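Chemist: To start, I am sharing the structure in question, which I have written as structure tokens.
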Amino acid sequence: MSSGKIAQVIGPVVDVLFAAGEKLPEINNALVVYKNDERKTKIVLEVALELGDGMVRTISMESTDGLTRGMEVLDTGRPISVPVGKETLGRVFNVLGDTIDLEAPFTEDAERQPIHKKAPTFDELSTSSEILETGIKVIDLLAPYLKGGKVGLFGGAGVGKTVLIQELIHNIAQEHGGISVFTGVGERTREGNDLYWEMKESGVIEKTAMVFGQMNEPPGARMRVALTGLTIAEYFRDVEGQDVLLFIDNIFRFTQAGSEVSALLGRMPSAVGYQPTLATEMGQLQERITSTKKGSVTSIQAIYVPADDYTDPAPATAFAHLDSTTNLERKLVQLGIYPAVDPLASSSRALAPEIVGEEHYAVAAEVKRVLQRYHELQDIIAILGMDELSDEEKTLVARARRIQFFLSQNFNVAEQFTGQPGSYVPVAETVRGFKEILDGKYDHLPEDAFRGVGSIEDVIAKAEKMGF
């Protein structure tokens, strides 16, 4: 085990000098610095660059407070390794695989795997055309998710990405009954804490491993924590042959941390100040999140869109890797429609007649057509009013508004805030409800009866309460 000495510390960047004759550590190797002679507290560094003349530049995974020049640094000879296997279920980890849930720490002999690996080869990959039911109408009808697929939840600040991902955990993890891995990348600690206690109460935690590298962590930890969660998920897929659900909140923070690290390493920034290696880093992460012949990984990733600009390089780079996109729209939040999923901008590879069936496809296409036409008529309505529309257009607008409200529903995880019980709607019920609205069966019911409800039966019950 070769050793060097700290030459300089610049924030989270630590330069380490290895004497002549000492073997230099490889890129991505983990180095360890002990803060005192008793060797109780250590700081882990990851090698990022070799500067020449025995000097390597590293990124710290923890705060560098207390590090000084001349301190001894040991090369572990391998990348950061984290615990894997059944023992990780029900536990909460940080980027290094240390437990942070105040329960017993992992034993030294627990099985560990390095966080840096190659993606599965082309012939190992497997594709599926099985739909993953979420119980959320707007998703199941217009942008369905594939089992073993990749889903992106796009949205600006405060439009409901985390609430949607928590509802998906609530619905899918409980229905799915398999293994789930939740990775919190650079998000609020409070949200992670809420999610942990909620999962503990519901019992889902027993089949879930949680990994957190939150907003207050150094950029190195935020950049690598997604790989820690992915390594745990890969083990269940490859060794245990399981179907795994991988939730990542938020992929943008992974990019943001990479940008910070890139600047600290002295690389020339690229477009909008992002790192020049943006596409490579995203590709290395996303290509590992895949399904093989041994097992599947279904990933649901929240992706923050800076200033609601979808052309920003960070969300634009993520787009290329996804099977389904669920776009959250601020205008719908302003209308009080939750989840604020844009039915026209969201898309899915799975919305094809050979996958979802002819009836589902036809209903989804007609819903999109009606909403698109309503969108076109809104300018005329705003300038000239409803009176200038033909009778046919008035009927279409009335149905479009009912459809728009019926695409909303109350969430189980938001019940504590709204006071309204959440609902889970099976796909068959969703398709039937929208088909009947399109057929004009409920033209006589008030628009408000369609807002925030589950199935079409709930609409009828709500309308009866309103006196219709």
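Cβ atoms are placed via backbone N, Cα and C, with glycine included.
Swiss-Prot feature annotations, pasted as is:
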BINDING   GLY155, GLY156, ALA157, GLY158, VAL159, GLY160, LYS161, THR162  ATP binding site
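For each listed feature, how buried is it and what is near it?
Modeler: Secondary structure at LYS161 (ATP binding site), taken from DSSP and collapsed to helix, strand or coil, is helix. Around LYS161 (ATP binding site), taking its Cβ as the centre, 26 other Cβ atoms fall within 10 Å, counting all chains.
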Chemist: What is the total of other Cβ atoms whose distance to the Cβ of GLY160 (ATP binding site) is within 10 Å?
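Modeler: Total other Cβ atoms inside 10 Å, all chains included: 21.
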Chemist: Let me know the DSSP-derived helix, strand or coil state of GLY156 (ATP binding site), please.
Modeler: coil
Chemist: If you count the C-beta atoms lying within 10 Å of each candidate's C-beta, which of the binding-site residues GLY155, GLY156 ends up with the smallest number?
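Modeler: The binding-site residues GLY155, GLY156 were compared, and GLY156 has the fewest Cβ atoms within 10 Å.
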Chemist: Including all protein chains shown, what's the count of other C-beta atoms within 10 A of the C-beta of GLY158 (ATP binding site)?
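Modeler: Around GLY158 (ATP binding site), other Cβ atoms within 10 Å: 10.
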Chemist: With an 8 Å cut-off on Cβ distance to the GLY155, GLY156, ALA157, GLY158, VAL159, GLY160, LYS161, THR162 Cβ center, who else from the chain surrounds the ATP site?
Modeler: TYR304, LEU328
